[in-house]
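As structure tokens, the structure follows; a few thoughts come after it.
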Amino acid sequence: MPTTFQEIPRERPVTPLLDRADTPAGLRRLAEADLETLADELRQELLYTVGQTGGHFGAGLGVIELTIALHYVFDTPDDRLVWDVGHQAYPHKILTGRRNRMLSLRQKDGIAAFPRRSESEYDTFGVGHSSTSISAALGMAIAARLQNSARKSIAVIGDGALTAGMAFEALNHAQEVNADMLVILNDNDMSISRNVGGLSNYLAKILSSRTYASMREGSKKVLSRLPGAWEIARRTEEYAKGMLVPGTLFEELGWNYIGPIDGHDLPTMIATLRNMRDLKGPQFLHVVTKKGKGFAPAEIDPIGYHAITKLEPADKPAAPKKASGPKYSAVFGQWLCDMAAADNRLVGITPAMKEGSDLVDFSERYPERYFDVAIAEQHAVTLAAGMACEGSKPVVAIYSTFLQRAYDQLIHDVAVQNLDVLFAIDRAGLVGEDGPTHAGSYDLSYLRCIPGMLVMTPSDENELRKMLSTGHLYNGPAAVRYPRGTGPNAPISGDLQPLEIGKGVVRRQGEKVALLVFGVQLAEAMQVAEQINATVVDMRFVKPLDEALVLELAGSHELLVTIEENAIMGGAGAAVGEFLASQAVLKPLLHLGLPDIYVEHAKPAQMLAECGLDAAGIEASVKARMARLGL
């Protein structure tokens, strides 16, 4: 196996067994004695594939043996296999007829980064967000019962995803209806960032405790049929502790708990799954794996190797670096530390995205004011509300797509009470290769309808910093949404001064056409304006809208064009149209934004071009409307 990033194979490895097992039917024709060799080949294939395309890396390496065992024992796709999140699903894709398409992974018109029902009958449930698998598999199990079907339902969930309340809601309901289903806990002590909280510590005790306890009866029944396995388990103190601690938790929830077992021991896993396959009622198998298994750097640094970029050919000269500014996330991270130094009321909250949201420095400098609540978005928002009630100034750093999961808490717990909570909304707009499940396409629409909410859209790095200060000092709930990636390298002011609320800025004066920009498309709008001599306005605020400026522009221009990287329906452009209608102002409007579709995965630039939000697309749309109006 490779021991460095540079040693990842750049040519497809020789895989005689995998060549015969590119579907589960082919896999099940292999002798069980060949499966460990198959696992080695599949791991090499995964290293090669992700090296060519980039993508999620460590999670898939950790479930090679588990994936083989599941497809070997269960009759997929008739038996329903549901993966949680989907980071670990690449080996599943390779074994289910998509090996020859894996080099199109995460690319335009290629296969998706996550399981998709439209892509394969083996992808029984579309995922991307965490903690949904048990609910989905339970629904499938109940449907099978109603249809008098003997098909099995299996959910594979990581220990990180198990921290979310939704997972426990499903566990509780499954025992209530006595569903015939299997939940497999893939325990690698990781989600994306290292797990936190009581449950993670609870499970971690299986590897450290010296407490001895008798084995659970359910485990004994299964493992006693495995040659040698019961004797090994009997002698293993970690196993004994696992039966006492995690077993108690899940048994109390009404599940028959088995484990923990070694998730890289194929014979034991296959035998255990066979024994559990026909057991009635809710079954829970605890499997311990190592994220990044088989690639030493990923085993040592599972956070850093959660995902990787594609390898460039060894003989390819390095491309000259384009001048660009810092990442928007980095601008936020620096502002957070600066404001924390100036205001000791500030606290930072994240739902398991410390690295992605650039909170590492803050967490080290202000550990007592940093709170990683794990994958628990609803809790994160209401936690912030409680802190705000007592005079703290919480900043919730969260991806746009994940804030959707806490919408009720945002309204009921924060906005209705007019609490001082700032939402730093990262990954707004189109995010690229992860596709529609991770796109931040709707936040302007679902935020601007909330009474009292301050909603801001920065056009560059400096605007982001100023808006964060504005939101922090605002009396009430505030949101700043910013995209993935780097800015245009605007000079950044070091101060913490706020903006005047509800006031846009005219960046270029032109004639006839006014481009009203909400967000980072300002640079593209300026390019277009040079071609058609248009006025360009950085609107800054979606709510409150700069109504006086909108009226002024409507009175002095023949066409108003709104530009945003958000759904057109209900977005910032709709706010402009609604206001003009309320004032009985009839003015031609053109709304440019995300269409009423799910924009499929591709490079961000390709996605923007597809939506007409690059400079060429904006220019073409505006010129077409001008022609229709005779301008």
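The backbone N, Cα and C atoms fix where each Cβ goes, and this holds for glycine too.
With H87, G128, H129, S130, G160, A161, N188, F295 listed by Swiss-Prot as binding thiamine diphosphate, the candidate from E377, E390, E461 annotated for that site turns out to be E377. All protein chains shown were included, and the count of other CB atoms within 10 Å of the CB of G160 (thiamine diphosphate binding site) stands at 29. For the pair formed by N188 (thiamine diphosphate binding site) and D159 (Mg(2+) binding site), distance between Cα atoms is given as 7 Å, rounded to the nearest Å. In this structure, the binding-site residues under consideration are H87, H129, and the one with the smallest number of other Cβ atoms within 10 Å of its Cβ is H129.
Long-range neighbours of E377 (thiamine diphosphate binding site) (same chain, six or more residues apart, CB within less than 8 Å of its CB): P351, I398, F402, L403, R405, A406. Cα-Cα distance from H129 (thiamine diphosphate binding site) to D159 (Mg(2+) binding site): 14 Å (rounded to the nearest whole number). Around the Cβ of D159 (Mg(2+) binding site), 23 further Cβ atoms fall within 10 Å across all displayed protein chains. A straight line from the CA of H87 (thiamine diphosphate binding site) to the CA of D159 (Mg(2+) binding site) spans 13 Å.
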